[in-house]
Amino acid sequence: MPSKDKVAFFYDGDVGNVYFGPNHPMKPHRLCMTYQLVLSYELQKKMEIYRPHKAYPQELAQFHSADYVEFLHRITPDTQHLYAKELVRYNLGEDCPVFENLFEFCQIYAGGTLDAARKLNSKQCDIAINWAGGLHHAKKCEASGFCYINDLVLGILELLKHHTRVLYIDIDVHHGDGVEEAFYFTDRVMTVSFHKYGDMFFPGTGDVKAIGEREGKYYAINVPLKDGIDDASFTRLFKTIIAKVLETYQPGAIVLQCGADSLAGDRLGCFNLSIDGHSECVRFVKKFNLPLLVTGGGGYTKENVARCWTVETGVLLDTELPNEIPDNDYIKYFGPDYSLKIQNGNVQENLNSKSYLSSIKVQVMESLRCIQHAPGVQMQEVPRDFYIPDSDEDEQNPDERVDQHTEDKQIQREDEYYDGDNDNDHTMEDAL
C-alpha cells in the first residue's frame with residue numbers, strides 16, 4: 001500500500017568518501033551501502049530525494065561556539081601538530097580524529113538535518129529522513145563520541161521556529177547526552193533516551209534520576225537499560241512510555257534518532273534487538289501522524305546498519321520489503337544468505353529483570369505526572385530564518401534531486417572494509 005505521507009530523503013554521496021582511519025569503528029561507507037540498498041528496492045520511486053546543502057559556519061554556530069566551528073573549519077591532518085592545546089580543548093584525538101575533509105563531512109550531515117527540518121516547517125513533506133545525521137554526542141564547544149557537530153540540536157532549533165514544543169526520541173544504545181544537555185533547562189524540548197547505562201559504558205550519563213532542571217525539570221526522560229534487552233521487553237517499554245509522553249507533552253513535531261548500534265551483534269553494542277524490534281519503534285512513532293524528522297546515529301556492523309535503515313525507510317513509506325536482497329553494488333557484503341532480516345547469532349543474556357524494568361517505568365511515569373497536561377509554553381514570536389549568504393555558482397541547490405546514476409554509486413575502498421575483526425575495531429570503547 002503506498003504511503004499517504006509525503007516523504008523527503010536527504011543524501012549526498014560524498015559523505016561516504018570520508019575515512020576516520022584504519023582502526024576506527026565509524027565507517028561512513030555504511031551510508032553508501034544504505035542508499036544503494038534503498039535504490040535496489042526502488043524506494044526512491046515513492047519519495048523525493050534531495051542533495052542537502054552544505055551547512056554554513058554561521059548555521060553551525062547557532063548552537064556551537066564560533067571559535068569551535070572556526071577551528072573545525074581550519075584544522076587538517078597536516079596542520080594538527082601545530083595545535084596541541086586546541087586539540088585538547090576541543091576534545092579532538094583518538095575517538096574524534098582529524099581527517100581529510102572533516103569540516104565538509106560535518107557540513108553535509110548537518111545540512112541534511114537542517115534541510116529536513118525546513119522541509120517539515122514549510123509543510124513540503126510529512127516525514128524527512130537523513131540517515132547521515134543523528135550525531136548526538138557533540139557538545140557546544142567540543143567533539144565527543146565520534147561526533148563533531150550536533151545536527152540534532154540544530155534541527156530541533158529549526159523546528160522550534162514553527163512549533164511550541166518538540167519531542168526528541170533516541171534509540172541508540174548510547175545515551176543522547178549532547179541533545180539532552182542542550183535542552184536541559186527548557187520545557188520547549190522533551191528529550192527521551194533509551195540506552196545502556198552502567199558498567200562505565202560510554203558516555204556514562206543517562207541515569208533515570210536525571211530529569212532536567214529549572215524550567216526543564218521533568219522534561220528530560222532517561223530509560224537506562226542493562227545488557228541483552230530483547231525485542232519484547234524493549235518495545236513494550238518503548239510503547240508504554242512514548243504513548244504517555246505524547247499524551248502528556250503534546251509536541252508539535254518529533255525528532256527520532258535511530259542509532260543502529262542497539263541491534264544484536266553490533267560491534268560496539270550490547271543489546272539483543274532484531275531489525276524487526278528496532279523498526280517497530282519507528283512504526284509506532286509514525287502512527288502519531290506528527291511532522292517527523294528521522295536520523296541515523298551509531299551502528300558499527302555496517303551491513304546490518306544498511307539493512308536496518310533500509311527496512312525503516314520502508315516502514316516510513318508503508319512498504320513491506322521482500323526478504324531477499326536485490327542485486328546492488330554491495331551485494332557480496334550481505335552474504336551468505338543475502339537476506340534483509342537476519343537471525344540473531346550469539347544472543348546475550350537479558351540482564352533486565354521484569355522488576356527492574358517495572359521500577360524504571362514507575363519512575364518515568366512519576367516524572368510525567370509532574371507535568372501539567374500540555375504545558376502552557378507561550379508561543380514566542382517565530383524568529384526569521386538564519387541569514388544565509390549567497391551561494392557560489394558551483395554550490396548545489398539544496399533541493400536538487402539526486403540522479404542515482406551520477407555520483408552516488410560509491411564503490412568501496414578496500415582499506416575501509418574488514419574481514420571479521422581484522423581492523424581491531426572491537427578495541428574501541430567509546431562510540432555513538
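Cβ atoms are placed via backbone N, Cα and C, with glycine included.
Taken straight from TrEMBL:
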type	residues	note
DOMAIN	24-314	domain 'Histone deacetylase'
BINDING	Asp95, Gly145, Tyr300	substrate binding site
ACT_SITE	His137	active site, proton acceptor
BINDING	Asp172, His174, Asp261	divalent metal cation binding site
REGION	388-432	region 'Disordered'
COMPBIAS	398-415	compositional bias 'Basic and acidic residues'
COMPBIAS	423-432	compositional bias 'Basic and acidic residues'
So how far apart do the substrate binders Asp95, Gly145, Tyr300 get, largest Cα to Cα in Å?
14
Spatial neighbours of Tyr300 (substrate binding site) among the recorded positions His137, Asp172, His174 [C-alpha, 10 Å]:
none
Residue pair Asp95 (substrate binding site), His174 (divalent metal cation binding site) - Cα distance, angstrom, rounded:
15
Given the recorded positions His137, His174, Asp261, state which is nearest to Gly145 (substrate binding site) when distance is taken between Cα atoms.
His137
Of Asp95, Asp172, Asp261, the binding-site residues given in the record, which has the fewest other CB atoms within 10 A of its CB?
Asp95
Where Asp261 (divalent metal cation binding site) and His137 (active site, proton acceptor) are concerned, what is their Cα separation in Å, rounded?
14
